Structures are given as C-alpha cells and as structure tokens.
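Notes for the one structure printed next.
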Amino acid sequence: CNSSYCRNTDRTIYVGHREPPPGTEAYIPQRFPDNRIVSSKYTFWNFIPKNLFEQFRRIANFYFLIIFLVQLIIDTPTSPVTSGLPLLFVITVTAIKQGYEDWLRHKADNAMNQCPVHFIQHGKLVRKQSRKLRVGDIVMVKEDETFPCDLIFLSSSRGDGTCFVTTASLDGESSHKTHYAVQDTKAFHSEQEIDALHATIECEQPQPDLYNLLFLSKYLYFGMFIFCRPLGSENLLLRGATLKNTEKIFGVAIYTGMETKMALNYQSKSQKRSAVEKSMNVFLIVYLCILISKALINTVLKYVWQSEPFRDEPWYNQKTEPERKRNQFLQAFTDFLAFMVLFNYIIPVSMYVTVEMQKFLGSYFLTWDEEMFDEDTGEGPLVNTSDLNEELGQIEYVFTDKTGTLTENNMEFVECCIEGHVYIPHVICLGPFKGEELFFRALCLCHTVQVKDDDNVDGLKKSQLSRRSRIYISSSPDEVALVEGIQRFELLEVLSFDSVRRRMSVIVKSSTGDIFLFCKGADSSIFPRVKEGKIDQIRSRVERNAVEGLRTLCVAYKKLTAEEYSNAQKMLQNAKLALQDREKKLAEVYEKIERDFILLGATAVEDRLQEKAADTIEALQKAGIKVWVLTGDKMETAAATCYACKLFRRNTQILELTTKKIEEQSLHDVLFDLSKTVLRHSGSLTRDSLSGLSTDMQDYGLIIDGAALSLIMKPRQDGSSGNYRELFLEICRNCSAVLCCRMAPLQKAQIVKLIKLSKEHPITLAIGDGANDVSMILEAHVGIGIIGKEGRQAARNSDYAIPKFKHLKKMLLVHGHFYYVRISELVQYFFYKNVCFIFPQFLYQFFCGFSQQPLYDTAYLTLYNISFTSLPILLYSLMEQHVSADTLKREPSLDVAKNALLRWRAFIYWTFLGVFDAVVFFFGAYFLFDNTIVTSNGQMFGNWTFGTLVFTVLVFTVTLKLALDTHYWTWINHFMIWGSLLFYIVFSLLWGGIIWPFLNYQRMYYVFMQMLSSGPAWLGIILLITVSLLPDVLKKVLCRQLWPTATERIQVKIFFCVISF
C-alpha cells in the first residue's frame, strides 16, 4: 500500500475488533464512547444546583435575590417574605417547566438507547441494546429499520451491492438515496463471511459535516497482502437514516453515541431576542434608575429631617450608646438599602413569569388554527420556539426562497430542444438522427434514478407511461420528471452534482466498447464548456423558456478514447484517496474532465406556483412589508415567477444589477445610475408609502445576481469601509421588491444580514423549504420553514414551520398582530400597576419622617403581583382581540410596525398615568382622613386602615382600567376580572377577621371590616376610583374623535354596521 495514503490518522478502527496479524503494524488500542445518546440537560443529582445557577444568571432574578438577602441581613421595614415568596414562585415555576421538558428528553433518550440491535459475534447474530454498541462492531440492519450508529456499508442483500436510504429524521427528505457497499466486501452475504473479514479503517475525528467525509480502508486477508481502498459519503450510512427497499445490510460502526454526525448536529441555535424583550430590558433599567433615585432622595431627606435634635431623638425614643457611636456612613448606607427594599416592588419580578406563560400558552393558538392545517400533507403549523411570537407582528422584510416555497416543487416535463428542434412529450420518440439518440441516451443515463416494480414505496411517484406499476426513485424531482418524460450501458464513473459546479456527469461504456461522457447542468455551467453544436439556437430556446418561468437544463457529451478514460480514472482515484483537501482535489479533476463538450440540447420542466402565493405577497405588501425573493435560479425564470406571484406589478420599472450590466459599465457607474433613477422621488420608500401603493403608482423592482452581490460585498482596494454597500442599500430602500437570483446559500444569509444590520435595524423574516435555506433562516430575526418536498431540514432549524406559503399571511397579519398587541399591553400594564403600587409608598415617607414605615401590610405586598392583579392581565394577553381576525385579513394595513406600542411616548404616558393615579390614591385618602373620619362606635382610623384604603382603591382601579381596555369579552374575562376583585375582598375579610396562630403579631386584625363599616370610606373609594380612571377615559374619547387611528376607524365602522344590522 502506498505510504502516502496509509499514513497515521486521528482514528484507527479494527473491524470486528480483530487485531492485525503480528508484524503488520503496531496495535494501539483506542477508547471510544458507547452508543448512548444524551440530549438531556440535567441529571437527578445536578438538577437543583445547575438549574439555580442558570436562573440566577438572569439579572432580574439575581437582583431580587440580593434584595432578599439584604432583608435577611439588615433591619428592613418589610419582611423578607415579601421578596422571597415572589422570587420562590418565579424560580419554582421556571424550574418545574424546565424539569418537565428535560424529563421528556430523558424519556426520548431511553427509548432510543434501549432499542434492540443485531450484531455479529463469533460468526453468529446476537441481539443487544443500542447503547451497548461499540466502535468496530459489525451490525446487521433490516428493511425499514433505522441505523443505530454511523456505519461503513460493507454488503447488501442486493446483488449489485447497493441499498436505498431515506434521511427523513435527519433532514426530512423522503426521496430515496442510493448508497454503495465497499467494492471488496459487497460479495460477503453470510455472517461467517463477514466475521472472517480482517480490515482496518482510518478516518478523521468526528465532524458535524454530513457531506465532507474522509475515510481510508486497509484490508488484510490472513496476512497475505495489504491494499487500500478510499471510502466516501456513498459508503457511509448515518445514524437516524432508514433502510428502504433492501432486505438487509451489514455495516461496521465507526462513530457511536454522541460522536455520530446526527448527535454532533444537535447544536443549539443562537438565542434570538425579540424587540419587545429588548424594550422590556431598557424599561427595567429606567425603573431601576428611578428606584435608586427614590432611595437616594429619601436617604438624604431622612438625615435632613433628623438634623433637628428633637426629631432625631424624641423624648419617647432615645438612642442607646452603641447607636450614638455607630459609623454614620455605614448607617446611611444601611438606610439606603432599607429604602431600596421598601421601593423594590417597582421592579415587577412576576412580569417575567407572566410573559413567559403568555408566550408559551399563546403559541398553542397558532398550532390549533384549523385554517393553517393542510389536508394534502396532513401537516399543521409547528412552533419550535415561543420566544418570538410577538416578533411575527413586527416584520418589515420577508426573504423568501422560490422553488418549493413560492412554487410547488412538483416538476412536469414540458419540452426539449435537440440541435435547435423543439420536441414536446406526446411526440417524443427515438428518431433516426444521431443527435436525438445521444440526447435521449444522455437523459436516460445521466441521473441517479432507480426503477422499482413495486406499488408500496414511500413517497415516490409512479410512471404514467408504463402499464406496469413502476416506481422511479431519485433524490431530485427534476430527474424523475425528465425520466418520466422519456423512456445498455455499463456505468463506469459518476461525477456527482454539487451546488458550486451546478452540473453532473457520468462516464459510460456501450456494448460496442465506445466510452462516452454525458453531462447535464445549468446553462451557465454548460455553455462555457461547449466547443461545438447548435449553440445559438439552443441558447435562444433556453432563454425563452426561462422567461416563461420554466426550469431548464442543458445536455452535452463527448466521446473518450481508452487512453483519455484511463487518465481520467487515475486522476479520480488519486483525488478520492486524498485525506487532505479531498473536495478541492476532486473539483480540480472534474474541471479537467468536464470540458470540450458537444452541445446536444436542453430540457424544460415546469414548477407551478403554489396556491394563493400571489394573494399572500399582495397582502404582505399592503401591510407595508417588503418582500425579497432569493433563489439560485437564472434571472429570466425567477423574474417570470415574480410577475406571476405579483411581486412585480405591470407598472413596475425593473432595474438590473447583474454581471451583464457590470461588463458593459463599471460597478461604480451602474450603482450611481440606479441611484439617480430611484432617487428622483425624494425620500426612501417607507413602510407606510409601500402599504399605500396603488396599481397605477410608479414603483421600482431590482434584480441582482450572485456575482454582482459578491462585487458589492467585496471591500474596495483603497480599504475604505463604506465601499458600495450603503449605496446598494439606498437603492433597495426605494424599491418595492427585490429579486436576487443565482444566489449561493451563504449569499442568501449575507443579504439577510446586510439588511438586518442596516441603520434602520428592520425586523427580518426568512422563509424556505430546503437545506440551502437554513443559513438565511438562522440569520434572520424570525426563521420559518416550509414543510415541503425538499425535506424538513429547514423546518427543523426554523423558529416556526408552516405547511404552505399561503399560511404566512394569517401567521403574520393575524396571529403576529394579536401577539404583539397583547404582549405590549401586558408589559406597559405591568409597569403601570407597579408605579400605582409603589409611588404612594414613596409619598408616605414624607408624612412619617422618612422612617421607612411601610404603607401596606406584608400580605398585600406579597400577593399584589402574584394573586390580586396577575390573572386578569394574563388572560387579557391570551384572548384580547381589538379587531376580529377576519378584519385583519381584509385590512392588512392595520399591521403595527416598528414597535409602535412600546415606544418612549407610550411608555412615558403609561408611567405618568401610574403616577397620577398614585397621587389620587394617596392624597385622596389623605384628605379624606384629614377630616378625622370615625366609625359608628367613635373609633378613629389608624395608619393601617389608611394603607388598606389606598390599597383597595389601587386594586380596583388597575383591574377596572384593564376592563376598560378589553374589547373582546367572554365569560372567562368576566370570571377572571370580577373574580380577582372578589378574591381580594374575601381574602381581606379572612386575613383581618381571624386570629391566625402562626403570626407573632396581627396588625391587620379587624382593619378591613372597620374600613367597610364607614360610609365615608365607601364614598371615598368610589370617588377615588372614578377620578383615577377619568383622565384615561377622556384621553381615549378625545383621541378617537380628533385623531383616530386606522384601527379605531375600523372599530367605529364595524360598530355602526352591527347597529344598522
């Protein structure tokens, strides 16, 4: 064996655990992991410490932990229970949720690890659990079973040493892929023959890449001779894939457990944060600054107040000697912390739990939507993450793939052009001309289609041209369409298709001994390699078909001499044996072989537009959302699809930024010409102007190809940072739609990132159905996968998945709209009710000598956010509909953009409304008490009755405020809102009406009943609630009359329609 190939690598595997014969090589045992899959995050022993550590990494939880510890350490005005109990509730709920999710992962892991597997031991089949497999074991897998680990394919029950595999659990592709057994072992069919094999496999350490594989196999037959055999992806069977249409196969385990490629691809996606969450964090920082300011002001004013001796040491409360000697700075710092504890409720810890519950429960409304269920596929929408629900209502840019997303990805053969002559399916036949014969031979041979005479093959299409039940199996729907459109050579070599070359070739040998190389691929990859044929006629036909929206392939060939084939075979063999840069070396060999073709003709297949795709794009544009199409197809085909789906309208002026344009002019000149054209109308095309576009209004559409984009993204030679990106972005901003054609997967992600990071920072959404769309799906703020024919890899890597493109309309314009409006109200309401709650406590310090005396009882402090006011807003955030779903579908322009409901103006309004209500609560009760209200038995109200009166007005006001904001009333709303108020009353009666034995003191005993026994208190409560709610009601009435929003106009219109009906 050549030493350049049989060198030491990172991993050596001994097939069947057989050591090499003495003297052949040094035997170095290696330790490999077992075959257990572990997707769980916790164990029984580390759950509590690990979960607590992760939860306290959140700033809010850590902040409340510090506050709780301060309450335990120093003498604070409130009990540690007031902070500890809400924090415990938050931590417990989150831990239960995460623990349950991890238990489900443990359950799934156990089911996978304990499934039975057959392997060969001492020439016999033995059954054991999957988790006990080791690297080097020889495994037998039967039809319809999944591969338990990553295997090198040794032999098959099929005579040609092949097997068919579906990778549905890896990438969702239901099409059958053909794999080939190692050439030297494919004849081993019995357990004894396989067990007698002496071989080693040298390979790299485990890598997550599913397709770039480097293997080298060395065979030692009883010590007589040694030779090497290169192995590739066609010999590798991945864990999770399923064996199909093959009775059984034998394979040797090379990667097990967490080292399998499936496990290595479990990498979690980067954490995406919504605009609402970012706004929440900013608002929390503002409120934290307010909290610190309050504590500082009160600390300073306390010492100003105590500067007078009679206030610092009144006759009834003289200081002790240790208190007089205490460090003043330390005392001031302790007072500052005490005020921080007193006012810390302005930071709503329970808001995090409520928001998380709202997102989790709200996601079920999407999955339960029957209108988004597709009966053809039996699929409904999937929610892979609920953290971005509200982001669906904020989308400004939609980046969509074309094939399989806008179109059906269901190819139908339309026509072919052979040497300039056009043929249609019903007249196709093998004519007497050599060109026709070679053309159809190329189509028949240059593909990976397998034929099976069976009715029961998963997800495959039957031939309509044969009387027999014949199934065509292929990894590409294009190939099935071509083979079905037409109807004995020896296959020598396959030069596989890849997205860079955009072509594939086969080398075949005829019965007469002639050797041909047939090649098919995109016109851009075939025409530059053609030296003769009817090039102009075929090119013209290809361009015409592309304009009509058809997918085209060009077919060419060349005849090889025996010497040329021998040289090609040697080059291919050497490249396949390389363990370093194998893909690069293969590409170089392909480039040398695939040249000097004779052009035979071209084919055209049709990929029809999906149902209601045009309606969906039109609705999105009316909502002010810009739609970009990113595709790998040629410009003419993609442009025809864009016109069909109404992305480009009849009056759209098309601007081209393509390689052809750049060849005629410099990139600089092209960009500046386009810039002058689109900037004739001052200002960029905003969301509002886009939503108002009429069919008669002039607008622009831009077409750019991958080569032009590469030039734009490339920095200038002078090193200037501006380059052409800003100019390109300025052109795009003034275009109503953009088509990016001839895009590589990485370029799709670059486009999304470029827009995402532009100065406007728009919210982006990427939608696609194939593995080549995953990069842009992960890059966008929100990624949506189509559960389509190209597999589920896009759906698995997305945040949400839908069956068809048409479902995007309701997902964004209805569900997304509701999600955003609801959670915006939830966030603003939480801050509002906490300002109402804690600002009276701040005002109270001016009337109690800044003594840190709490205004409310401990029970009220603890339960305010947990029980009294939490459930109504949670239900509101799940069920509120300010307009109906049908109205939102009819009026896409109602979509709320740019986080409008959480802007500073709205935040300041809610904050000042909370301050106003708090002032009304406090001073209204203060002036009421200033008149020395007494009960019927002559007793005066005390400070706890004063605090209870303020708290009662507070609870009723914030709850009724939510009732006034509710548009969609159900019995559940009534139950929650009025039930919460009733619960508060019942709790207060029980809390103050019973002597509780577990309390050391009971300062609230009979306080609530005493307050209710006073007529003026009743009148004061009703009056203060009315005064508190009045400004907000007046503001809404005036704004609705003078400056109504689009939503309010629709509400009024619907109201009058209902009345007139």
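Cβ coordinates come from backbone N, Cα and C, glycine included.
Panel annotation: around the transmembrane segment (56-74), residues 80, 82-84, 86-87, 90-91, 284, 288, 334, 337-338, 340-341, 344, 347, 349, 352 of the same chain, lying at least six beyond its termini, place a Cβ under 8 Å from a Cβ of the stretch. The transmembrane segment annotation in TrEMBL covers 56-74 (among others).
Per TrEMBL, the feature domain 'P-type ATPase A' maps to 114-178.
Residues or ranges marked as transmembrane segment in TrEMBL: 282-305 (among others).
What TrEMBL lists as transmembrane segment is 336-355 (among others).
Of all Cβ atoms in the shown protein chains, 22 besides its own fall within 10 Å of the Cβ of Arg742 (ATP binding site). Taken from TrEMBL, the feature ATP binding site applies to Asp401, Lys402, Thr403, Glu479, Phe497, Lys520, Arg551, Thr631, Gly632, Asp633, Arg742, Lys748, Asn772, Asp773.
Annotated domain 'P-type ATPase C-terminal' per TrEMBL: 795-1045, in sequence order. Across all of the domain 'P-type ATPase C-terminal' (795-1045), the predicted model scores a mean pLDDT of 84.
Taken from TrEMBL, the feature transmembrane segment covers 859-879 (among others). Tertiary neighbourhood of the transmembrane segment (859-879): same-chain residues 78, 81-82, 85-86, 89, 345, 348-351, 354, 357-358, 361-362, 365, 822-823, 825-826, 829-830, 833-834, 837, 947-948, 951, 955, 958-959, 962-963, 965-966, 968, 970, 972-973, 976-977, 979-980, 983-984, 987, 991, 1004, selected by CB-CB distance under 8 Å and a gap of 6+ residues from either end.
Per TrEMBL, transmembrane segment is recorded for 907-929 (among others).
Among the features that TrEMBL reports, transmembrane segment is placed at 941-963 (among others).
Within the same chain, residues 857, 859, 863, 867-869, 871-872, 875, 948, 952, 955-956, 959, 962-963, 966, 1005-1009 sit at least 6 positions outside the transmembrane segment (975-999) and bring their C-beta atoms closer than 8 Å to a C-beta of that stretch. Annotation source TrEMBL lists transmembrane segment at 975-999 (among others).
As annotated by TrEMBL, transmembrane segment applies to 1005-1030 (among others). Here the transmembrane segment (1005-1030) has Cβ contacts under 8 Å with residues 916-917, 920-921, 924-925, 928, 931, 933-936, 939, 941-942, 944-945, 948-949, 952-953, 956-957, 960-961, 964, 988-989, 991-993, 995 of the same chain, all six or more residues outside its ends.
Across the domain 'P-type ATPase A' (114-178), DSSP classifies residues as 3 helix, 37 strand, 25 coil. In this view, Arg551 (ATP binding site) is surrounded by 21 other Cβ atoms within 10 Å of its Cβ, with every protein chain counted. The number of other Cβ atoms within 10 Å of the Cβ belonging to Phe497 (ATP binding site), over all protein chains shown, comes to 19.
Residue density at Gly632 (ATP binding site): 22 other Cβ atoms are found within 10 A of its Cβ, drawing on all protein chains shown.
Residue with the densest Cβ environment among the binding-site residues Thr403, Asn772: Thr403, by other Cβ atoms within 10 Å.
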